[in-house]
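These features come from TrEMBL:
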type	residues	note
DOMAIN	A:22-447	domain 'DUF112'
TRANSMEM	A:20-53	transmembrane segment
TRANSMEM	A:59-82	transmembrane segment
TRANSMEM	A:109-132	transmembrane segment
TRANSMEM	A:138-160	transmembrane segment
TRANSMEM	A:169-187	transmembrane segment
TRANSMEM	A:199-221	transmembrane segment
TRANSMEM	A:264-288	transmembrane segment
TRANSMEM	A:362-386	transmembrane segment
TRANSMEM	A:398-420	transmembrane segment
TRANSMEM	A:471-493	transmembrane segment
Amino acid sequence: MDYVAELMRGFAVLMQPDILPYLIGGYLIGTFFGAVPGLTSMLAIALLLPLTYSLDVTAALVACAGIFMAGMCSGSITATTINIPGAPSSMMTAIEGYPMQQRGEGAKALGHAALASMIGGALGAVLLMVVAPLATDAALLIRTPGKFALIAFALIVIVISQRGAISKGLVATTLGVMVATVGIDVMQPVTRFTFGTAVLMQGIDIMPLVIGAFAISELLVQAENKSARTVEAADVKAAPIRRRDFIPPWSEVREIGFFRYVKCAVIGYAVGVLPGAGGSMAAFVAYAESMRSSKHPEKYGKGSVEGIAAAEGANNAMCSGAFVPMLSFGIPGDPTTAIVLGVLVINGLQPGPQFLDSQMALIAPMFMALFVSALILVPLTLYLLGPWFVRIVSIRRDILYASIAVIALVGCYVATYSMFQMGLALLFGVLAWLLRRHGYPVACLLLGFVLGPSLEEYCRRSLSISDGSPLIFLTSPDSLFFLALTGVFYYFMVIRKPQARQHA
Amino acid sequence: MRILSWLGSGAGVVVLLLALTLIYLVAALGIAPPISNGNITASFFPVVLGLIMVVALAVSMLGDRRKAAAESDDKPSTEAGASTSFGPLAVVVLTAVYIALFSSLGYFISTTLYAFAMTLVFSAGRPTPGQLLVKALIAVAIAVLGYGLFEWVFQVRLPVLWG
């Protein structure tokens with residue numbers, strides 16, 4: 001009952017006039033960044049990170065929840081109207097939405113996308129509220145060797161989920177862990193890799209890495225593009241949308257079926273819990289399952305509303321799923337939750353098994369923000385801004401990227417008042433740009449950086465318990481469980497998959 | 001310029017990462033032996049990481065070479081034919097200069113100049129004198145809005161020229 005009361009109190013906090021504007025503001029920023037091709041909600045949260053130094057932690061978490069949820073569904077707008085997914089998670093929506101737009105049913109496609117996002121996002125938030133305390137109880141059972149095996153499992157799944165680029169995923173993840181080893185050792189008072197530089201003794205902060213890897217590298221990628229606007233003026237004129245067409249016909253909603261909405265939300269949520277999977281994979285898995293179980297699979301690829309509902313429901317449910325491992329184990333499931341973890345760490349909070357019990361007052365408004373943004377802000381934003389959206393996202397690139405550059409660098413400065421941190425952000429930006437150019441996943445760099453210190457600490461603690469014997473990882477039941485789970489995932493994601501392709 | 005172009009190539013990135021890893025490994029071994037009196041030390045984990053990195057880079061490079069060989073049978077290499085864009089180099093140089101001058105010139109002057117330069121980098125084609133004036137006004141607006149955001153909304157102190 002206490003837990004339900006805390007959630008209710010969280011809702012009351014969210015509705016306070018000094019907190020609610022952060023949800024609405026965050027949602028609108030996330031919608032803009034999610035819809036503009038080339039920008040992502042992850043970049044929006046990265047730009048927000050330095051500002052959290054001077055923000056109340058509840059307000060910062062609520063804003064992050066709004067950005068995350070908005071970023072997932074707003075990509076469907078440009079995906080449907082001009083066949084350019086605003087976010088990678090809207091790829092499947094473009095496949096079904098754009099043929100509908102060409103038939104003059106673009107508004108209806110957007111209505112279906114918003115309805116599925118609303119149901120998926122709200123169900124995901126409810127599942128998060130139900131599952132998070134259970135996951136926290138389970139986390140209490142895990143001892144030191146098990147914690148090492150769990151983090152190793154997370155990192156290995158992050159690497160092997162990089163389809164077609166596993167070795168590059170391993171390079172990027174290892175690089176992230178290596179960067180995290182700079183500074184004072186996690187167990188002994190010894191400095192490592194500071195090369196006599198006093199400013200490196202405290203280690204490398206998450207902030208310049210996030211700003212460099214996601215903001216500055218994006219500037220460098222976009223500097224190669226010579227278009228004047230983010231979306232060409234001709235595309236804007238060719239995509240008229242009327243507000244009255246947004247509401248999807250009841251007959252089509254019934255044809256999609258309540259069970260399909262729920263199934264895709266559960267799939268998206270489960271994919272979100274897995275480390276490294278993200279919105280694109282959630283949308284793809286739910287879309288594939290929806291096509292497999294459909295009575296009309298022949299309609300897929302030609303403007304199927306079932307396909308839109310599956311993809312959009314799943315990617316919004318994924319948002320809440322990604323918070324489960326982050327809050328219960330301190331293991332972020334994707335780069336966005338890794339940055340949210342950074343927000344918590346900046347404010348002196350460390351997620352883990354005791355976190356929900358001790359900090360529920362801070363976390364409950366964020367849970368409620370996920371629920372409210374899915375249930376209310378998703379349909380409301382589409383209804384109010386939908387007809388103007390393609391116009392809004394077609395902006396001058398010189399204004400957009402000059403502004404992002406200033407916010408990123410000045411934000412980096414105000415967070416630490418350090419020119420050195422600004423320089424580090426530039427250095428990481430160039431490095432991340434080089435990695436991105438050659439297909440190394442930069443998200444792995446961040447996740448390796450975030451998980452690296454815990455991996456080392458638990459590894460060394462376990463070995464000191466066993467007097468240096470690595471057999472402790474096989475004799476400890478929880479560790480053995482996660483090692484076996486790693487083997488199962490490796491089998492299904494790396495070994496069995498190529499065989500399936502060969503047979504196909 | 002050729003060195004920069006090579007550094008930006010796939011092989012250049014691998015060599016850069018390999019060089020960084022070797023420096024990392026040498027520095028790790030300089031901290032302490034990885035195992036001392038049966039106990040693992042502060043250098044154990046970095047040494048393991050360095051070795052994993054070397055193996056991962058080797059596998060990645062072999063994969064790239066195999067892929068490039070397969071592609072070259074079908075079509076000419078895209079990397080060799082890729083056009084050189086000076087945009088990213090300009091962003092790096094301008095940002096480095098901005099960081100260097102941010103404290104001494106103060107927020108307003110340095111940010112206005114930086115924002116103006118960035119609007120030029122992200123332009124489509126050569127701007128006319130009229131467009132330059134518009135870009136200058138945009139740069140001033142960005143600096144003013146940035147000042148409002150940081151100084152007034154978030155109440156943080158920004159450097160000034162004579163402060």
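Cβ atoms here come from the backbone N, Cα and C positions, even for glycine.
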Open item on the list: Three or more CB pairs closer than 8 Å, sequence separation of 6 or more: does that hold for the transmembrane segment (A:109-132) against the transmembrane segment (A:362-386)?
Closed with: yes
Task: Winner by Cβ pairs under 8 Å against the transmembrane segment (A:138-160), considering only A:59-82, A:199-221, A:264-288, A:362-386, A:398-420 - done: A:264-288
Task: Proximity of the transmembrane segment (A:398-420) to the transmembrane segment (A:264-288), 3+ C-beta pairs under 8 angstroms - done: no
Open item on the list: Under 8 Å between C-beta atoms and at least six residues away from its ends: which parts of the chain pack against the transmembrane segment (A:362-386)?
Closed with: 6-7, 9-11, 13-14, 19, 23-24, 27-28, 31, 57-58, 61-62, 64-66, 68-70, 73-74, 77, 107, 110-111, 114-115, 117-118, 120-122, 124-126, 128-129, 132, 241, 243, 246, 316, 319-320, 323, 327, 349, 355-356, 392
